[in-house]
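Annotated active site per Swiss-Prot: Arg158, Lys182, His254, Arg257, His280, in sequence order. Taken from Swiss-Prot, the feature active site, O-(3'-phospho-DNA)-tyrosine intermediate covers Tyr289. Feature annotation from Swiss-Prot assigns domain 'Core-binding (CB)' to 3-88; the stated evidence is sequence analysis. Taken from Swiss-Prot, the feature domain 'Tyr recombinase' applies to 109-302.
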Amino acid sequence: MTMRASLAIENFLEMMSAERGAAQNTLESYRRDLEAAAEELAAKGVNLAEAETGHIRMTLDTMAAQGFAPTSQARRLSALRQFFRFLYSEGFRQDDPTGILYAPKKQKPLPKIMSVENVGKLLDRAALEANEAAEPGERIKALRLHALLETLYATGLRVSELVGLPVTVARTDHRFLLVRGKGSKDRMVPLSRKARDALQKFLTLRDSLPGSDDNPWLFPAFSESGHLARQVFARELKGLAARAGLAASSASPHVLRHAFASHLLQNGADLRTVQQLLGHADISTTQIYTHVLEERLHKLVSEHHPLAD
């Protein structure tokens, strides 16, 4: 590391400490990142304080090639950005070489996926409670929860789409639901026989309630919107999961939406079809499920290739 780079780093850290009150851990983190970049560039004959955009990009590319996480790369760029802004503000440079660089995006965590077995436990418990509930108030809630779950797992709707369904969608025995999704875009999603049956049982009881004719929502409630709040559904789902012997934290409407997509892919559906069913405008959003396809292909080769282990 050249003396000039070393001096520039020390001046920067002194400013961060004296003028901005940076914590010791922050200063040490800045030092590690800046000295690592300086040493790498010095090995190529480049002074960090005089580095250009291409040099900075090269250090980030090296980190990526060495397997550093996107968060580590972003932290390195943040330190360099602060460093060069300091040099610019102090008149040591006429530009900021990091100005047009972007931090690498953090990898999206894989969605939580509930197994087919556990989804089955949830649905079986919901059906049991719907059949056994005797008190009118409990019965309508149990039938509603069963209808919600069967419909969600059959269609993969967003929770906002599900609780906001108009009652007209359940007035027929059609095998498809017309759903209005994000951006007011309509899509057709198939509805299983079990989901249709659960909806009809709920609808029969719903229609017998006073004032039901005046409410346009399939799942009416005393709320600002007039329909069931998604938070209420999520809370009831967690309670059901606990009663089914599952961890309450493992169950949510979003987890069941992911289960719908993942189980379809595991059983042979293609990514484009799942994209359409989920209502994703861009295939890149659906690509979080590619790990499911990879697992399916690996299993396929393992089971059918003559030389597989």
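Glycine residues also receive a Cβ, built from the backbone N, Cα and C atoms like all the rest.
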Field: Secondary structure content of the domain 'Core-binding (CB)' (3-88), with strand meaning DSSP E or B
entry: 70 helix, 0 strand, 16 coil
Task: Report, as a single number, how many Cβ atoms besides its own are within 10 Å of the Cβ of Lys182 (active site).
output: 11
Message: Let me check the 10 A CB neighbour count of Arg257 (active site). How many other CB atoms are there?
response: 21
Task: Average the per-residue pLDDT over the domain 'Tyr recombinase' (109-302) and send me the rounded value.
output: 89
Query: Which one of these active-site residues, His254, Tyr289, has the sparsest Cβ neighbourhood, judged by other Cβ atoms within 10 angstroms?
result: His254
